[in-house]
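> Could you have a look at this structure, given as structure tokens, before my questions?
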Amino acid sequence: MNISSMLSSDNNVSLKESMTTATDQQQQQQAESVDHASINGNGQTSVSAVNNVQENHLSEFHSSNQQHSSIPPVGTTVEHATTTTTTATNHQPVNSSPLKHSVDENSNPTTISSLKKDTNSIIASILPESYQFDNSYTPTIDQKYKSVFESNINVINQLDQYQQMGHHLKLMKFDEVKLNNYLINTGQFASNYIDRVVAEDISSRNNKISETNKNKELIAIDYSKPLHHNSTRGKEFKWGSTRKIHKVEHKSRRRKPAATTSTTDDSNKAVAAAANGTKDHSATAGTTASANGSDTPDRRHQRQSSKPSTPILIKPKTEPGKGSPEIQPRRSSRPKVKRKAFEDELETADKQSSTQQVKKSQESTGRDHKRVKIENKQEEQQQHQQQQQADEEDEAEAEAEAEQKPKSGALSEAAAAGMTAKEFKAFMRQYDNTYIAIWKDLSRKDGPKGSRSMQQATQGRLINLRKTALLAAREAKRWQLKNTKNQKDLTTKARRAMREMFNFWKRNERLERDLKKKHEKELLDKAKKEEEEREAKRQSRKLNFLITQTELYSHFIGKKIKTDELEGTNADDNLKSNTKEHLDKYADVDGSATHDINAVDFDNDDEEALRRMAAQNAQNALIEVQNKAKQFDNSEESFKNPDTNGEEMNFQNPTLLGDITIPQPNMLKCTLKEYQLKGLNWLANLYEQGINGILADEMGLGKTVQSISVLAYLAETYNMWGPFLVVTPASTLHNWQQEITKFVPEFKVLPYWGNAKDRKILRKFWDRKSLRYDKDSPFHVLVTSYQLIVADIAYFQKMKWQYMILDEAQAIKSSSSSRWKSLLNLTCRNRLLLTGTPIQNSMQELWALLHFIMPSIFDSHDEFSDWFAKDIESHAQSNTSLDEQQLRRLHMILKPFMLRRIKKNVQSELGDKVEIDVYCDLTTRQKKLYQQLRSQISMSDTDLLELESNSTSSDSSLANLVMQFRKVCNHPDLFERADVNSPFSFGKFAETGSFLRETNELDVNYSTENIVQYDLPRLIYDELLTPNYNKSIRDSIYSKFSIYNPENMNATGWLQGINVSPNELKHYSQMDILSRAIEMQNKPTETEKLERINYLYEGDYIPKNKKLLITDHSTSTNSSFISNSLVFSDLVSIKEKVGEDMYLNKLEPAVTPIASAPPITVNCSSMNFTNKMNNTLFDSNIRSSLIPLSLSTELKLMKDQIPLEQYPKSNMLPMPIFDYSNIRMPSMDRFIAESGKLAKLDELLIDLKRGGHRILIYFQMTRMMQIFEEYLAYKSYKYIRLDGSTTIESRREMVQAWQTNPEIFIFMLSTRAGGLGLNLTSADTVIFYDSDWNPTIDSQAMDRAHRIGQTKQVKVFRLVTRNTIEQKILERAKEKEEIQKLVVGNM
């Protein structure tokens, strides 16, 4: 359906009204245009002009409809903005305004007035409100401006109309597409269903059609059209086929319509012509063919196709001259299909009429739209009436033909056949007979076959009907499911669309929100970055201010105490020149004004002003320190110095002292070295200025004696004898007591240690009333440990100490520890820290020491870290660039408070120290244990060390894990010791009631018995011929049948070769095997006995049996050579003999027996059995032969001059290859070989022992010290051991024994317990079995030997297991050592 027709037929009332208004206005414009354009000079209208105007307006209307396809809405007027027309005479354009039409003088006055009113209203809307418009007065307005204004107004209105029309078109287009889709879907379902039903009809009717008619009808089928457009007779339909099936189209025969049915109206004639199948679309043309009732070509073709063909008749021979009778066409019994054809024609007519109606509506635009609809309904009613009339005419025609046929049937048939009536009757009779015969034959033969065929056809039809019903039900169900699914799909799609729309807007909102947040964040980041830059700049200036203040403070102090001069050659040359140039100019600033750090404007003040304020703060801080010391001293009356001869010396004022040089105090009973005397001067100046300090000389340079000397200086110069407090580690308490007593005997030392009761007694000697002690005070110096001072801090805080010395000050390196806080709260005038390693792990430790001595200057660790710590620590760890200027400033700050000298600069006579790293490999057992531990963790050794170093005390699992790795590297026996292996003993052991009842020698011979026992009957033992005790029958039988009896022997010459007589052979044969072996063992020959006797007794020995001889007893003269070879044979081969007895026979058994047991016990009641057992087990000859001969027995035999050959046999039991017992102790050789470190240390100790060195060996684990003690016992090395469990008294004794007894080869020490405060210069070799986390602890430990008094070169060996965690620990220790070298190594 065309869109224009839809618009013309379906618009609402408002649209129709607007169309009417538009049409009227257009006609009015046409009339006006005609009036203007077609009036010539004579006042007549030109017809051509009228036609032209009409055609122009009509074409414009059609073009506007085609472009917009819509009618303007109500209230708008379709007008031409500017209409240009020409007259026939002058052809001048005339502008006609839609607001005010161009009219002539004869126009209607009412129209002119209305137009004037409209014009006035428009002008009134334009003019201002103040302007009063008078209707009676027509203002003068420019016509050109007015026409342009009116045209613009019309263009705007027209654009609004076009926009609204376009919107309506879009809505109609959407509805059209939707309806078309619905029609297509519905038509598809209907077409499928009709095709299936028609196919079933075709298959059922094929069985009823004759062969002739079947072929004709099949030929007549039009296969180019759908199946339902043909007749129901067609091709057979195969079920399940997807091809299209067409039906033959049968057009209905219809009588021509009567002339009276035609109307005079042009529209009715067009509808009738369309219904009759004409193709004439003109409304004005006549329909003569339809009116006269003539057939159209389609109707003629239909009539010709509906005539039956002439049947073939069987007739007799006739004359050729006669004509054939008329043959009537045979009618088909099938009813005609009229309704279907009528519906098709009606549909075609409807389409044509609708098309013509649209055209008419376009042409007759001036008519009312309602009238068009009424005419369409009338046309439809007329068409329906014409169709009914045509059906009635066809039925009447058929009845008339039926009535005429019986009347003229016979004559027409006979005449048609060319026969007479008689002949025709005969022919018909013959024909009937033949026809009957045929039918009889058919009924007899073909009847049953036909019946069967009908049954089969019926059955097949029923089957097809069932299939059709099933398919129809299935199709209906499918259609229903599809409709249901479509409905569900619509709901689902609607929900999905809603969800997607919701997600879209939500995502859109989120995106907008994110963009907004991003923009805001960018603004905030920008502002934050600018603020950070300003704050960083401000903090930089603030830090520079603080550093400058500290520099100036250090500079002012350094000028007073002259640290550079005291350091000597160890000073930094770069600092000397730079210091005086830029800091001396601030020496004269006024220190009375103090500037608060929070009140300083770092953003606006210049650098010079900030430096001057920093100088003022530094000067003020120095004055405060001096005033504090002065206040401490003035709290009690000042003492007079006896050496000043009555002149008062106010030592509280350091400015009065001037630059003095302090000599060595006379009270000090030793001679200070040059660098030590400089240290004394530095300490004395610090005290006089009221400033605390750090004496950081390298270990072994005498920090103890320097600190004792400053105490002696105060006592001797200012009569200040205390109270002095010395806090030291527990291992050096006795050392301090001995050193003070030794160097200053006049000092009374109070050793404050022991249990709580002892310390309570010692506190009675404290004099809390006196601020300063004199020479007669109960004590002068109190020596205690860090642990005890923390425990009794409440008592120490009540005292005011003149001087406090902290030895090994790295013990207070943690500013968060209770030890550091307790010592900081003590009241004392001056503090002195002694440490050889001010930095051990990080810069935080250095800050803790600096804050302890100067809390007012070094008050913030964060600031100190920002100044120096981050840069220096990052350089040491990752080798980054280092700011040399920053490092110089740090050295300048530390110089006044810290004095540090190293050994190579101040002690030339001290021997060198050589450090050697000895790398060891893991053994097989160690590798397995190490791999097992590594498999249980997923981090590397480096990461493990990072976590362990950063972990707190609560993270004990990491420290434990690292300790397990280190235990594997030391020795695998730290996990599991080797057990003693012994077999299972299957027997009974003897028991005793009490050892007190036994004698000194407890005889336990044969005390172990086997659990298995058996009884031997007495008769069997006595009556059987067994070797038993005193049996005459056995002897007689043996004597008769023994081959060793001389009576039974004939050939005895072979006995001379073995030096045995026949009687001796008989004697040996009667002995048991053990007695025989003892008898034959070492039987000397005559020559050997003679030579042995002569050599041992030098010819003086004469046996008793030789004294009865008349002749002298003489020896052989040719025995010198024999004596050398026989007598000294054992002495010459003594080395080989010892090797065979001690080493070759000591083999490690490959297999240890699982169980062992004594012989099975035999019980017998025979006396012979008992005697035999006693003789065997307790034979004195056998026992004396197996065990060595006692010295007393041998001496008695010599005195009785018994011949050697008559000496009882002894010590004949040979050395076993294995031990006598199956109990296996762990092998010490294997114990050494299972540890790579211990095996390497064993080789090293052998060389050191051979070279005469004395060794200090440091361990980290006490269990490893116990294992090493077993090794030393096995090697028979002499040693002593010192660890944390050693008491203070034992420490002193051990150190003294080591220094005085050179036979002690090894001194075993724990690194933490024995690495501090000990003087062990007797050792020249130091070995670290395992290294400490802190490199300074190892440095202090090795300096126990490398210190003053050492004259030999000291070698330090460090055992490190390769490719293990120990190597990582050593690398980390070197990083920490690098930090110390950077900060204090070059000061």
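Glycine is no exception: its Cβ is also placed from the backbone N, Cα and C atoms.
Okay, so Swiss-Prot annotates it like this:
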COMPBIAS  1-24  compositional bias 'Polar residues'
COMPBIAS  90-113  compositional bias 'Polar residues'
COMPBIAS  241-257  compositional bias 'Basic residues'
COMPBIAS  283-295  compositional bias 'Low complexity'
DOMAIN    438-563  domain 'DBINO'
DOMAIN    684-856  domain 'Helicase ATP-binding'
BINDING   ASP697, GLU698, MET699, GLY700, LEU701, GLY702, LYS703, THR704  ATP binding site
DOMAIN    1240-1387  domain 'Helicase C-terminal'
> Count the other Cβ atoms sitting within 10 Å of the Cβ of GLY700 (ATP binding site), across every protein chain shown.
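For GLY700 (ATP binding site), the count of other Cβ atoms within 10 Å is 23.
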> Using the recorded ATP site (ASP697, GLU698, MET699, GLY700, LEU701, GLY702, LYS703, THR704) as reference, state which further residues of the same chain have their Cβ within 8 Å of the centre of those residues' Cβ atoms, listed in sequence order.
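The surrounding set, listed in chain order, is GLY836, ARG1347, ILE1348.
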> Among all protein chains shown, how many Cβ atoms are found within 10 Å of the Cβ of GLY702 (ATP binding site), not counting that one?
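I count 20 other Cβ atoms within 10 Å of it.
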> Looking only at Cβ atoms, how many others are within 10 Å of the one on MET699 (ATP binding site)?
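Around MET699 (ATP binding site), other Cβ atoms within 10 Å: 21.
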> Including all protein chains displayed, how many Cβ atoms other than that of THR704 (ATP binding site) lie within 10 Å of its Cβ?
22
> What does DSSP say about GLU698 (ATP binding site): helix, strand or coil?
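Assignment for GLU698 (ATP binding site) reads coil.
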> Let's see if you can do this one: DSSP helix, strand and coil counts over the domain 'Helicase C-terminal' (1240-1387), in that order.
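Counting residues by DSSP class gives 71 helix, 26 strand, 51 coil.
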